[in-house]
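Peer 1: Mind looking over this structure? Questions follow.
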Amino acid sequence: MKKEARGTSWQSCAKKNAVACTVYHIWTARNRRLFEGTVVTSDGIIREIKTQLITPIIKPSILIPKPTKFPDNQTTFIPFSQLQQIKHLESQLISTLQDCKNLAQIKQTHAYIIRKCLHQSSYIISKLIRMLAKINVPMLSYGISVFSQVRYPNAFLYTALIRGYLNDGRLNESVVVYNSMRNDGTPPVSFTYTALLKGSASEMNVNLGRQLHGESVKLGGFSVDLFVGNVLIDMYIKCGCLDCGRRVFDEMPERDIISWTSLIDAYAKAGEMGSASELFGELPEKDMVAWTAMVTGFVQNSKPREALEYFERMQNGGVQADEVTLVGVINACAQLGAAKYAHWVRDVAENSGFRPANDVHVGSALIDMYSKCGCVDDAYNVFESMHENNVYSYSSMIIGLAIHGRASSAIELFEEMVKTDVRPNSVTFIGVLTACSHAGLVEQGKHFFEIMESSYGVNPHVDHYNCMVDLLGRTGRLDEALDLIKSMPMEPNAGIWGALLGACRKYANPDIAEIAARNLFKLETANIGNYILLADVYAKAERWEDVMKVRKMIRKKALRKSPAFSWVEGEKGVIHEFYAGDITHPRSREITEALENLVNRLKINGYQPNLSSVVYDVSDEEKRRMLMNHSERLALAYALLTTDDGSAIRIVKNLRICEDCHLFMCGASQVTGREIIVRDNMRFHHFRDGSCSCCNFW
């Protein structure tokens, strides 16, 4: 065989180019006639080639007789009894092929097929090729050889070979088989396009996918086929062309639940929950998969309230939840930090047959949920109730104890874990190092950082370095933290520089703060929080000119600060949200009076506001007014008005709690006799009897 454009023999090309080899084998089966085909280049463009057969590379090991030729006006006659026998034998052979477990058994069955003269049956040979693909036998060896011996392959046999090549990860070869099929005049079937489109999606080759889409429209309207339409939607979504997927969906004359949920899930993953909700509302029949797509979509987009709302609607509609749905709604509770919702979700999980004692995935998720809702004791009860604990449940519990400031308990649990057959992973060590960081245990943190690789084979990655920088920074070892960053084998990320900058704020070190800030400005040019932190460092050092320079940079870049807000769980589990200086709440007047009353009681006990928490160059009286209106204080006052005496108050804040609010909560816990649990964006603070569980390491 010679390529007309160049003198290179196809024998040498076939050794280098699997596509050429595939083309050759197909040609040998086509009676040595001229063939014009196509190949797909690496950039996704289909180009024409013109070839001519010469001496075969591989001669068939079995002599295949030529088919009997009949005049145009004469047809073959096969007696009905013989036809019945053939059909029965084909069914037996298909059943035998399905039972084959390895290549040796397939070859034995193939030999029997040849013996019974059924080696020209596209029906049987297509099943044989599918079995070869199932046990991962490469098509370039056995599969193409079997295919090339069939004189008149039908569309299903061609499709079986296409799927075989796709199973081998050879998209280009599968396209060549499709081109040969088209040139031979064999019309494709819907399965041909679904196979090729799935291959295009797996390699994110949208150019090829679009060409196949056009072919499916041109050759008989396969694009209106339900299965082809669903695969087209999936292909466009996976290739990042969500709008094209939506156009396919809109033009489909028939849709099923897969059509709807594929698009809903795609919108959710793209963060377009408005479009997802609109499409979900139009869905005629909403099953568990569709509901789960909405619940998990809201969770992934940090909208826990909406996730819980949809889950409640799902429950009211009598739709049974599965493990995926429950894990999603458990994560929503963890984001929201609402204890009453957490208890409700646990009851739903147990009533649905997913008891944490028996289901390690649900159990681990519940541990994480209770920990993030401020109920670390409930989390530990779930952990102890589980019949089997794996690395995920151990790691969840260790992290839960760590973020609540129970460092000694977290380390004890780790030591208990390593005595079992459960081997710690990288997440486990993040939990242990976080525990050391939040308790200021420098030497123990260094010890765990050293042994994680030497004793357990866990290579430290950037998150572990982040924990160590945070630990050193919290304890004032800023130079040591900077040296550790410089010695890292990988590039430090924004989290590491942010931890160092935060420590500089606490210890008023503007020199190292400037180093951290310069790197942060490169990595996160639009993150206003980095600029505010640097301004705070300058303010603590009373470098007001530098503070003004940073604020000018903020104005020049037109950056906007995310408003500080807090939320608290009120009566019947209703979440109440408060912004700094908020006067929009229906009980705003009562909240203000309760807060003023609380401040007066604290002053009797010697409370004096920490005015350094306000970094603005304003009067002391203005600073006191600004501190009074912080969102967590408004949330606390509302909780004191609406919750039972003696019950714990749980407040969640989106930003770090300031030093004066921390001092205020300590005093409030003493004069009210209430436990106040505050979750900020760093950790949990348990205020009891005038002190905090963080021991001032936050």
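Placed from the backbone N, Cα and C atoms, the Cβ positions cover glycine too.
Annotations for this protein, taken from TrEMBL, read as follows:
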- 154-188: repeat 'PPR' (REPEAT)
- 256-286: repeat 'PPR' (REPEAT)
- 287-321: repeat 'PPR' (REPEAT)
- 359-389: repeat 'PPR' (REPEAT)
- 390-424: repeat 'PPR' (REPEAT)
- 461-491: repeat 'PPR' (REPEAT)
- 606-698: domain 'DYW' (DOMAIN)
Peer 1: What else in the chain is close to the repeat 'PPR' (461-491), if you only count residues 6 or more beyond its ends and a Cβ gap under 8 Å?
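Peer 2: Residues 426, 429-430, 433-434, 436-438, 440-442, 445-446, 449, 452, 497, 499-500, 502-504, 506-507, 509, 512, 515, 697.
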Peer 1: With a Cβ cut-off under 8 Å, give me the same-chain residues at least six positions beyond the ends of the repeat 'PPR' (256-286) that come close to it.
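Peer 2: Non-local partners: 226, 229-230, 233-234, 237, 242, 245-246, 249, 293-294, 296-298, 300-301, 303, 306, 317, 319.
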Peer 1: Tell me, roughly as an integer, the mean pLDDT over the repeat 'PPR' (390-424).
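Peer 2: Within the repeat 'PPR' (390-424), the model's average pLDDT equals 94.
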